[in-house]
Amino acid sequence: MSYPGKDKNIPGRIIEALEDLPLSYLVPKDGLAALVNAPMRVSLPFDKTIFTSADDGRDVNINVLGTANSTTSSIKNEAEKERLVFKRPSNFTSSANSVDYVPTNFLEGLSPLAQSVLSTHKGLNDSINIEKKSEIVSRPEAKHKLESVTSNAGNLSFNDNSSNKKTKTSTGVTMTQANLAEQYLNDLKNILDIVGFDQNSAEIGNIEYWLQLPNKKFVLTTNCLTKLQMTIKNITDNPQLSNSIEITWLLRLLDVMVCNIKFSKSSLKMGLDDSMLRYIALLSTIVLFNIFLLGKNDSNLHRESYIMEPVNFLSDLIESLKILTIEYGSLKIEFDTFQEALELLPKYIRNGPFLDDNVTAKLVYIFSDLLMNNDIEATTNIQFQSFWDNVKRISSDILVSLFGSFDQQRGFIIEELLSHIEKLPTKRIQKKLRKVGNQNIYITDFTFTLMSMLENINCYSFCNQMKDIAPENIDLLKNEYKKQEEFLFNIVEHINDTILERFFKNPSALRYVIDNFVQDLLLLISSPQWPVTEKILSSLLKRLLSVYSPSMQVSANIETICLQLIGNIGSTIFDIKCSTRDHEDNNLIKMINYPETLPHFFKSFEECIAYNETIKCRRSATRFLWNLRLGTILILEEYTKDAKEQIITVDNELKKILEQIKDGGLGPELENREADFSTIKLDYFSILHAFELLNLYDPYLKLILSLLAKDKIKLRSTAIKCLSMLASKDKVILSNPMVKETIHRRLNDSSASVKDAILDLVSINSSYFEFYQQINNNYNDDSIMVRKHVLRINEKMYDETNDIVTKVYVIARILMKIEDEEDNIIDMARLILLNRWILKVHEVLDQPEKLKEISSSVLLVMSRVAIMNEKCSQLFDLFLNFYLLNKEAHSKEAYDKITHVLTILTDFLVQKIVELNSDDTNEKNSIVDKQNFLNLLAKFADSTVSFLTKDHITALYPYMVSDEKSDFHYYILQVFRCTFEKLANFKQKFLYDLETTLLSRLPKMNVREIDEAMPLIWSVATHRHDTARVAKACSSCLSHLHPYINKANNEEAAIVVDGKLQRLIYLSTGFARFCFPKPSNDKIAFLQEGETLYEHITKCLLVLSKDKITHVIRRVAVKNLTKLCGNHPKLFNSRHVLHLLDKEFQSDQLDIKLVILESLYDLFLLEERKSVRNTGVNSTLSSNSILKKKLLKTNRVEFANDGVCSALATRFLDNILQLCLLRDLKNSLVAIRLLKLILKFGYTNPSHSIPTVIALFASTSQYIRHVAYELLEDLFEKYETLVFSSLSRGVTKAIHYSIHTDEKYYYKHDHFLSLLEKLCGTGKKNGPKFFKVLKRIMQSYLDDITDLTSTNSSVQKSIFVLCTNISNITFVSQYDLVSLLKTIDLTTDRLKEVIMDEIGDNVSSLSVSEEKLSGIILIQLSLQDLGTYLLHLYGLRDDVLLLDIVEESELKNKQLPAKKPDISKFSAQLENIEQYSSNGKLLTYFRKHVKDT
């Protein structure tokens, strides 16, 4: 672009001129000020003929008029071709003389356009001959205030400043506020001159003010509307002008604005998508609302059309925004104007306009929809997103303004807003939420608006209008408060009910609605800036809690979701309670009881209100918080009216806050203006304790705990998760007695998912230490998931605790899992033990102190686990020998690490034993540790790899020769025995001394020590290659024994109880068991040529086992004979031995039978152990599949005694089974233990044993029932068909066993059928089979009852036991129950007829005695009561017994309802019947019973 002076040394722009010269050189000061501030531009004057007629034939192109660059077209217009007269610069001549260069050609350097214009209009005149004509056109985006106004130029001033001060104008003339006001009024009149004071006076030909549309309608131009907008605004800011403005002017303007909007809308609908038309309509809307804001109360100004037209236009524009495809940048001015128009609407509403219900409804409909609209997707354009957020903000403000201004419409507004809740965002994306406060909290617009509305329900305005604090006014205030509270309560209840009802109707689709609402409330509950949250949330929580009341019937899905919501709310409440400062958790009752807490409570309220005031929080929120304070005071006043001291404090507080209102405030300023929100939040938490929400914590907790006992698994799992949320905040919650007891119960729950959730719960913050025993009740659970979880928890507990008792307990449970049906669990358990016992030691080999510490800890744990019980001892041996010391299970490097660490541990172990023995202490713990260490050392010595060295043996030898009488000597003997079996090349002197010591101490040893010492003596003699001394000792023993043998042969009764004889029997048997297995070369007294020692001792023992030998000696002899046979199994082939054993089992000598069983047990165990050692790892469960395949290819090593063990088990099985069912439980355990071993090793056909195992289910001993359950469970996995075929015999045996073990309360043994059902009667496959067998058993018993002669006491007792057990079974199918009930019902009717036939109509005519009738009557009553009991238990009606066969078969797929939990046991009814029988009133009771039924 060219300009005058281009390419010359003259500044072309002001900024360039300022570099060298002051600004005033180019532009006068006053002119510059006007230039900078004036929101106008000067256009070229038009000839008056332009305005003469609107019908001059010109077609106005609105698109051309809307553009800025229209210069060329204006020049070419004929109406503008009249010569333009240009003003000559007034100082041209003088300035020409003062410069060096004066251009001779003024056209030089001008653009072609400028030159063409000047050439057309030639000639210059002096300025005095030129009349100034200018026209002001306001820019649409004017942002500056006009400070200069000249009256002769007709300029308009738009100064916003309303202060009464002088304003400097560009003319240098000062103007007062009154002058400005007058100027504003003149501006309005000037505009009205052209717009017209009525329709006829409008200068529609003025194209600067009027724009003709294609439909021949006229609308005001954007320039005119901008001027008008600024003028109205200036007038609005000057209230003194209100009376000077005539209503007719405003009505005219309103009419024009409405027409502008109408005509623009109609043109847009015709297809003219012109942004200028929308802009005109928006500006008209702004002007219209600004007119409303003038404060004129004339009803004519508030016609429905005036408000509805702009509102409808805005509504249409909103709809078009939803489908807008144009870029935001091209519509920025329109969007800004639209936003400005909307912002005026809430101001208008708050001014108290004359709005009828139709208008209000329209506004509510439009802006509720706009607020909740999510059709417009989130855009990447930040400006557009900001615009849309502002629109929603204003929409919310409009709705809140309507709610606050129109009390009668509040319900409708809330209802309309609730109708849009389905439009809430399905995902909580930040762009779809609104940020509130400075805490980076985002909530939905719905919640924000709803809460902003409800905050307006308070008594602040009422209090503000009170003239004084008189008693009568206080009473009025109380009534007003109750009224407001009631309204708030009802509306909150309605909101929550509506949201929940929508959710209940379609929980899957509308879950996001309730989730969003609750999430918003939880985010705001801790802030004093949102006090109404407490009211909404407490109401919602109560409503959610009521879902679980008996009167509510909802789906399981709804229950689960509601529980999740309750859990989130409860967790937040618990968080608040935990965060509250000490001694500030005071509810109203507590504050009444402790009035000293009141001042601090009121102070907390003051702080929160002052904080809200300081941060400029919403006035409605602060007022609602103040209202809460007022309500609390009124409630306290009601509660404390009888306490003088307290009532004074409360009354003073009430007067104080009311006086503050009269003084124009809500309370004193914040003492510490820099107070942190975290401090204020704690004050607010203290306040919350006085309200309902936090007091709902206890009902919430009780609900959670009660739901843990529900049958619905998902509900229980969710309840546990709720509890977990609390525990994650503070694990102290788990120490709550109520919670603790519930966890204990639920850890025994049958549901795997619930157990898993409980285990997660108790794992929070290592809380499992309080429940470790209950946790490990599930270490052998049916669920793999639960077993793994328990294993992981045990691992953590072992690592985290320093308590040796806990360590031993949990590591023992880990050890038990090296036997499991799941390979992964076996692997886990093995690795845990390997890491803790081996690799952890290996890691610190280069740190002596650490090594000693860790080794000591490992050894202490190992030693205690190894002796914990028989099972742990066996598993420890298995783990040591068949995993750790199994080369096939490890790489060479890993195996070397293991053996190296075990060698080191052995060193420390021997050292520890030596240290403990050297201490002269009698402390119990020290003695126990020493015994445990020796036992562990014995296990190390007995392992497949030798870790003990000669040095170790040498170090332990002094304890061998000591005279100390304790168990230590036994373990030392065991260690030496095992070591000598592996080591060789001992010094002869050491061997000789050791042999001397052993032989000399032999007579003083007890039975256990003899069993260890004899093999050691023989081993030492073998190492010495000299058995002469042993032979001599044996001869000595026999020489003392034979006199007794001779006496027994001659006179059996002459043998009496003799301690010496008993010892000789044990010693001689010991020599025979472990020494001289073959005929000896050394001379042994009394042995014949070729006779072995064990054969000779066998003969001696058979002599001492004769019938007339005293019982004690016979028992010792039989015991030792059986042991001897165990070491030399060929002896069991002796007919003399077998005859003796058979005879003993047929006798009544229980103790001898048990002795034989114990010996057989030792034999079987020893032989199986040998087998395991020979076969190796395949005797344990291996998780290594490659190893399994390898081992399966290896045939099991046969051993000589295999057939003997099986033959013995088979021969004596019946005797063993009989002894299992002894009434004396302690003695029966011996037989049960042997039976378990026989079944485990597979020595006999299990079908013979299964009925007895089933019978043991009826034992009164929980331990025996547990053992029986484990046995049958194992059998069921292997031989399912055998178990089912044995059920009938097993149940019959169980019934007899129940009667046999408890003659008085036999019928209370009511658990064996339910245990059987749990094991083999569940599932689609086994359930029907089990119930079929059960029905057959019942039928067989009932069929045997035909008449009086078939009903003896045994039959009656059997029926009783069967009935009580059936009552505890859990029937699943209706068919199973109904078919059984029909069988029972038919029998009861049949028996009733038999009885009635016998007794006749009167008692005196009895054909038989009542005693003979008692059995059949008891059976009939028990069966009838059982049928009634089962019907009631499952909630069935009597008519199910009338179903025919077809109808009955249809019940197979119908499940029964759950059992009623509050029904007493059936055995109590049988006890009642038996009492009538014992009192001789049975017949009378039967008659009454028959009559009643």
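Placed from the backbone N, Cα and C atoms, the Cβ positions cover glycine too.
The annotation phosphoserine is assigned in Swiss-Prot to Ser43 (among others).
Sequence annotations record features per position, and here Swiss-Prot assigns phosphothreonine to Thr67 (among others) based on experimental evidence.
Among the features that Swiss-Prot reports, phosphoserine is placed at Ser74 (among others), with the record citing experimental evidence.
Here Swiss-Prot flags Ser127 (among others) as phosphoserine.
As annotated by Swiss-Prot, region 'Disordered' applies to 151-170.
Among the features that Swiss-Prot reports, phosphoserine is placed at Ser157 (among others), with the record citing experimental evidence.
Taken from Swiss-Prot, the feature phosphoserine applies to Ser162 (among others), supported by experimental evidence.
Among the features that Swiss-Prot reports, phosphoserine is placed at Ser163 (among others).
Within 10 Å of the C-beta atom of Thr236 (phosphothreonine) sit 18 other C-beta atoms, taking all shown protein chains into account. Among the features that Swiss-Prot reports, phosphothreonine is placed at Thr236 (among others).
Residues or ranges marked as phosphoserine in Swiss-Prot: Ser305 (among others). Following the DSSP three-state reduction, the secondary structure of Ser305 (phosphoserine) is helix.
Residues of the same chain lying 6 or more positions beyond the ends of the repeat 'HEAT 1' (695-732) and with a Cβ under 8 Å from any Cβ of it are 538, 541-542, 545, 548, 556, 559-560, 563-564, 566-571, 573-575, 577-578, 587, 689, 738-739, 742, 745-746, 749, 751, 753-754, 757-758, 760-761, 764-767, 1458. Feature annotation from Swiss-Prot assigns repeat 'HEAT 1' to 695-732.
Counting residues 6+ beyond its ends, the repeat 'HEAT 2' (734-771) has Cβ neighbours under 8 Å at 701-702, 705, 708-709, 713-714, 716-717, 720-721, 723-724, 727-728, 777-778, 781-783, 785-786, 789-790, 793, 796-797, 800-801, 806 in the same chain. Taken from Swiss-Prot, the feature repeat 'HEAT 2' covers 734-771.
Across the repeat 'HEAT 3' (806-843), the DSSP tally of helix, strand and coil residues reads 31 helix, 0 strand, 7 coil. Swiss-Prot lists 806-843 with the feature repeat 'HEAT 3'.
Per Swiss-Prot, repeat 'HEAT 4' is recorded for 1132-1169. Taking DSSP states H, G and I as helix and E and B as strand, the repeat 'HEAT 4' (1132-1169) has 34 helix, 0 strand, 4 coil.
Marked as phosphoserine by Swiss-Prot on the basis of experimental evidence: Ser1179 (among others).
Marked as phosphoserine by Swiss-Prot on the basis of experimental evidence: Ser1183 (among others).
Here Ser305 (phosphoserine) comes close to Val258: these same-chain residues lie at least six apart in sequence, with C-beta atoms under 8 angstroms from its C-beta. Sequence-distant contacts of the repeat 'HEAT 3' (806-843) (same chain, at least 6 residues past either end, Cβ-Cβ under 8 Å): 769, 772-773, 776, 779-780, 784, 787-788, 790-792, 794-795, 797-799, 851, 854-855, 858, 861-862, 864-865, 868, 871-872, 875-876, 878-879, 883-884, 897-898, 900-902, 904-905, 1180-1183. For the repeat 'HEAT 2' (734-771), DSSP puts the residue distribution at 31 helix, 0 strand, 7 coil.
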